[in-house]
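The annotation ATP binding site is assigned in TrEMBL to 17, 18, 19, 20, 21, 22, 23, 24. According to TrEMBL, the compositional bias 'Basic residues' annotation covers 225-249. Sequence annotations record features per position, and here TrEMBL assigns domain 'Thymidylate kinase-like' to 15-207. The region 'Disordered' feature in TrEMBL is assigned to 219-249.
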């Protein structure tokens, strides 16, 4: 289904960061807060979010032979899942004015496949834009944690399914972290970097403050203008006319 270039009133907030950075936790917290404030909000993830996307996710992430996957295949599979997600879920939600919270978006491919896998940025960017069309995040929240913290959190996860993306070496994760910081520095109007080593409450508070400042701000009330009406000039007092003396005849 071709993606028409339509204007919309919705808001797309993407969350990025290394594995174990705490994105999913903060998305759940933000979604709850937005819903409680009466806003129409949906949460989704990459790869996944649709029936087709979840099947692609299983191939990318949980495939027992996934280590044999080449970087180009990985890039195209992520793009395929993203294209389906945008057209099936994200674009319709934005058109109705909803707020969409996405656990990863096209910046993940720029960092993981472009920087992490050393693929040429030209093709990576072209494929990214082909997949998403005109849909771009209004704001991208990067939750940044040191690589040592990221790896420690990954080890604590209990999962029966092996995650291929979480079995990379430390050099790969260092490149991923550095890549996100480079992107954020180059596009400060879209990116905000949050210290992921803080408490969950502190991170939530900072994210909310950034969203209020950048997206949900209301126009300030106009200041009352000072009256420019000048006071009426004081009238000079006229002296009473002197009484004439009666003429004698």
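Using the three backbone atoms N, Cα and C, a Cβ is placed for every residue, glycine included.
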Identify, in sequence order, the residues in the chain of residue 21 (ATP binding site) that are 6 or more apart from it along the sequence and have a CB within less than 8 Å of its CB; answer 'none' if there are none.
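Once residues fewer than 6 apart are set aside, residue 21 (ATP binding site) is near 143, 144, 145, 150, 153, 196.
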Of 18, 24, which of the binding-site residues has the most Cβ neighbours inside 10 Å?
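Compared across 18, 24, the most Cβ atoms within 10 Å surround 18.
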I want to verify one value. Collapsing DSSP to three states, which class is residue 19 (ATP binding site)?
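The three-state answer is coil.
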Within 10 Å of each Cβ, count the other Cβ atoms and name the one among the binding-site residues 17, 20, 22 with the highest count.
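Comparing the binding-site residues 17, 20, 22, the most crowded Cβ belongs to 17.
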Neighbours of the ATP site 17, 18, 19, 20, 21, 22, 23, 24: Cβ within 8 Å of the Cβ centroid, same chain, sequence order.
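The surrounding set, listed in chain order, is 143, 145, 150, 153, 196.
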Please work out which residue of 19, 23 has the most C-beta neighbours within 10 angstroms of its C-beta, and give that one of the binding-site residues.
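When each Cβ's neighbours within 10 Å are tallied, 23 leads.
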